[in-house]
Every structure is written in structure tokens, then in C-alpha cells.
Amino acid sequence: MEMERRQNNKGDSIDMSGMGEETTVDWRGKPSNPNKHGGMRAAAFVLGLQAFEIMAIAAVGNNLITYLISEMHFSLSKSANIVTNFVGTVFLLALLGDCITNLEVLLIKICVDEYMLACVRSELVTGFILLSVQAHLPQLKPPQCNMLTNGENCIEAKGLKALIFFVALYLVALGSGCVKPNMIAHGADQFKQDNPKQSKRLSTYFNSAYFAFSMGELIALTVLVWVQTHSGMDIGFGVSAAAMAFGLISLVSGTLYYRNKPPQGSILTPIAQVFVAAILKRKQVCPSSNVALSSESGNPLHPEKFRFLDKACIQIQDGANAKESPWRLCTATQVNQVKILISVVPIFACTIVFNTILAQLQTFSVQQGSAMDTQLTKSFHIPPASLQSIPYILLIIVVPLYDTFFVPFARKITGHESGISPLNRIGFGLFFATFSMVAAAIMEKKRRDSAVILDKTLSIFWITPQFIIFGLSEMFTAVGLIEFFYKQSLKGMQAFLTALTYCSYSFGFYLSSLLVSLVNKITSSSSNGGWLHDNDLNKDRLDLFYWLLAALSFLNFLNYLFWSRWYSNSSSSSSRPHQGTNVEDYSHYRFTSEKNIGADGNIP
């Protein structure tokens, strides 16, 4: 590697090491062959895992509120919070799963290493089995009781019964959380970002990943929910375990074709080192040069932002050759990692309210459907949870059309390899999400008035617009966010930032639980009781809660416009290299100190 020095005006130097070319290996640990390993063929096996994994989890999470009310006898608001807390924990544990996997530095970081297999085999399967056993045995559940007609006399699950349920549920959450971040990142690792042709295919992969996600959700919300409704939740939980086993088979089948990135260790330690080193050297003077530092992929970062962190790279000239501790001297790569992380936090935060809206479609909207006419034919009734399949049916058609026709067309106009930039894609989704809640509020008001005033039960299809609109918005936001995070990543950050994407889902569902509790507490003082205090939607004011979410969503969209422009402006300024400087050269530099520095501060 080339060695070069750059000094600040105090004669100190900046350590620019750590920027090397990333290598990949095959399943035996030998260098991968581009003709045999990677590409869409290898990624297809990962997509199989994704489809089966979401199929297993969605079948549980999306119909869980029905089971909680009818079998465990929890109240409506409490059941909604249990569901949102469960889904939130699944996505929050995705971050923990990434950190644990990265710590296994002796293993190749792919989804089929020992730890990932253990997660799929033990936590997920054990959790599904426990849920199935409890759903099958009457002695592990409260006595049978109709919550809609005799809710006050129904006995809620407590003690050992509640303990078994929550242990099983969160074993499933732990297993799923360990798999998710590495699954997406490993599929994307099959493509080289520095190869223009493969870079375009990477965008196709992200669209394909969402297509696989949609297929898994669709099967879960139709076939598996039908099995749960007509054959019992015990059979349904067993089918989820079988789906997870098929996902594992798909993953292992592609072992010979994967190109794997060696583990980089936990990313949290080098991040902490940057902050510690910058604080310890807070009195040092930052280099006067505004040269943009480059990552391994050649993507310029934000040199004008967070300049304080650059002090972590300054090597103090003390006349000795003693090596400084990594907690006092960091590489430019480490600093760039932290700058990336801080820069994307506002974008990440703007998607939390979006996922709070998603939480309503998996909880209160399902109960909306339960209060409506579900009859499709004389002998067939639509399970309310299957309403969530409507957007995925649409997306299975729209996503291939988007990638086949819209992306090439937009690419000719914008010149962007993905057609439109991930930031624009996220913005479109956040804007459309507001109208999902507007449609939900209008339809709920119509449903409630029809039931209370006209004594008429509307067809369940009246609430399909809120699902369709949100499905389209999710196609933009969810895929755009994953693509945005992955393309910002330096070496070793892909799985971490993918896990951060899942944290957006987690915080969104937790925020939903918080909002439900706050709304109930604040509105319970009124003469009509709280908006969501009753188990009967005809007595609640769910429409007002939806209007509240619509307002929050629109304010969130305006907030996103500000932060996306801030991010774009900082990216534009960083992409302009300092005059007379070749930015790409700096990706190979390592700046070190010398004892023989002239009095004028120049290197002789």
C-alpha cells in the first residue's frame, strides 16, 4: 500500500489507514471466483429464505390479535400493544443479532454459520412448538368465553398460562431477529458495487427482495391464516415452523454459490473509539484541508460535517515512535463510519411514524374487519387478517413492472442507476402513507355510523383502500430505505445498517403502543370514555385516532423534506474534491508522523 503524509498546521499528522480493497471468499474460505460465485443465482437462494421466514412470522404476527382476544381474553387495547411490542422486539433484536454474528470472527459471516443455524433451529422452532402446544391444550389457556358478548366475565390469561405464551412468543422474536439483518445484507453482498453492471443488478435485487417479501406475506395472510381460522391456531403455528424449515433448506442449498465477506468484528467498538479519541484530542487543531476522504467503494463522504471527529485521526508529534492506543488514534475509515452513521440518523428517524401506521393495519384494522360483513359467498367468509394480503397481491404485479419498465425509463431521464434516488423513493412513500390513514379514518366513520345509526353492517371490502394505499407507499419507502442504507456503507457496515433499517420498524411499533396508551389516558377523562377504551369498536372512536396518525404522518413528511435536503446538500458538497486534489488517491493513503519535521511545518 502506498504511504503518504499530510499534516495540520501544528505538525501533527492524520492516520488514513484502514482503506483497503474488500475481498470475498467461498464456502471453504478460499478466494471466490467471479464466474462461479455471487450474482443473482446465489442471491436467489437467500430470497427463498426471506420468503419463507416472513411467511412464518407474518402468519403469527398479523393474526395474533385475534388469538389474543378470542383465546387469551386480553382487552382490545392490551392485545394491540402486545402485538406491536412483539413485532417491535423482532426488529429491535435484528440489531442485536447483527452484533452477535459480527463477534464470531472465526466464522465466515453468512447466514448458514453455526450461530445463525442455531437461531433458526432452536429459538424459532422451539417458540413455534410452544405456541402450538399451548393453543392445542385447553388446560394451558383460560376457559372458553366470548369476549364480544360476555367480555366482562371472561378470565384473562395470567400466571403460568401467560408466562408460557410470552416465553414462546419472544423465543420466536429472538430467532427471527437474529436472521433478518444478515439475510438481506448477505444477499446484497453477492453483487459488487464497483462493477457498473452488477451495481444495476443490486437495485434489481432489492426490488426482488421486496417481491419475495410480498410473496411470503401473501401466502401467510391467505393460506396460513385460513388454516389458523379453520383448523385451529395449533395447526397454524405448526405450519409456520415447517415454513421456517423450508427457508433453511433454501439457504443451505446455495452454499456452493455464495461469495462471502470475511467478518469485520463488532462495529460498535470502533465507533466508540472515535468518540473517545475525539474527546481526548479536543484541544487539537483540525487539518485546514477540506479534502474529501473516500471510502473503499470510492463514495465521498461529508468532510464539512462533524469536523470535530476528524481530531480522532490526528497523531500527536511527541518525538517518539510509540504506537498510540486505538482509543486515542483512529483510522479515517473509522471516522467515516461514524460520520455516515450520524448523517443517516435523521433519515432513519423520519421512517418511524411510517411504521407506526403499519402497526395499525396489523392491529386495529384487523378488528375493523371483524366488525364488518366478511361473507364472500354463501359458504366462505374472509378471515379479517387476510385483508392485509390485498396490498401484496397488488405489489406482486406492480414490483416487477416497476423494475422492468419504470426503472429503465426513469434511468434515461435521471441518469440514476436505480431510476430515482433512494431518498426520492423514500419521500414518495412517506407522502402516500398519510392518505392511507385518511382513507382509514373516513371508512371507520362510515362503518361506525352505519352500525350505530342505521344498524347496518358494511362489507369488509370498504376498508381495502387503506391497505392498497399503504402497500404502494411501502413499496417506495421500505425498499428505498434498505437500498439507501446499504449504499452508504463502508466495509463491515452493511449488515449493521440493514439492522438499523429494522430498528425503524421496531421503534414504529413501540411508538404505536405508546400512542395507544397516551390516547387512552388523555381521552378517558371525557364523558364518552377513551377513544380506544372499550372492546367494542362501535363505542370507541378509532376514526379520531386515525385522523391523529394522518396529521402526524403529514408533519413527519415535512420533517423528512428538510432532512433529505440537508443530507443531499452535504453529499453534493462532499462530492466536489478540493482543487488540485485527486480524491481517489486518498483512499490509499496512510498518514504517519515523523520526528524530522522542519521548523516551518513542512516535510523535508
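Numbers here mean position along the shown chain, with the first residue as 1.
Cβ atoms are placed via backbone N, Cα and C, with glycine included.
The compositional bias 'Basic and acidic residues' feature in TrEMBL is assigned to 1-13. What TrEMBL lists as region 'Disordered' is 1-34. Summarising the annotation, TrEMBL assigns transmembrane segment to 42-70, 82-103, 115-137, 162-184, 205-229, 235-258, 338-358, 390-410, 422-443, 463-486, 495-519, 544-563.
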If we call contact 3 or more Cβ pairs under 8 Å (sequence gap 6 or more), are the transmembrane segment (205-229) and the transmembrane segment (422-443) touching?
no
Report the listed stretch (42-70, 338-358, 463-486) having the maximum count of Cβ pairs within less than 8 Å of the transmembrane segment (422-443).
463-486
Annotated stretches the transmembrane segment (338-358) and the transmembrane segment (162-184) touching (3 or more Cβ pairs under 8 Å):
no
With contact taken as 3 or more Cβ pairs under 8 angstroms (pairs 6 or more apart in sequence), are the transmembrane segment (42-70) and the transmembrane segment (235-258) in contact?
yes
With the cut-off at Cβ under 8 Å and a gap of six or more residues from its ends, the chain residues touching the transmembrane segment (495-519) are 77, 80-81, 84-85, 87-92, 94-95, 97-99, 101-102, 109, 177, 180-182, 184-186, 188, 267, 341, 344, 348, 351-360, 363, 481-482, 485-486, 488-489, 530-532, 545, 548-549
Do any residues of this chain, six or more beyond the ends of the transmembrane segment (235-258), have a C-beta under 8 angstroms from a C-beta of it, and if so which?
26-27, 36-38, 41-42, 44-46, 48-53, 55-57, 59-60, 63, 110-112, 117, 120-121, 124-125, 128-129, 131-132, 135, 186, 190, 224-225, 227-228
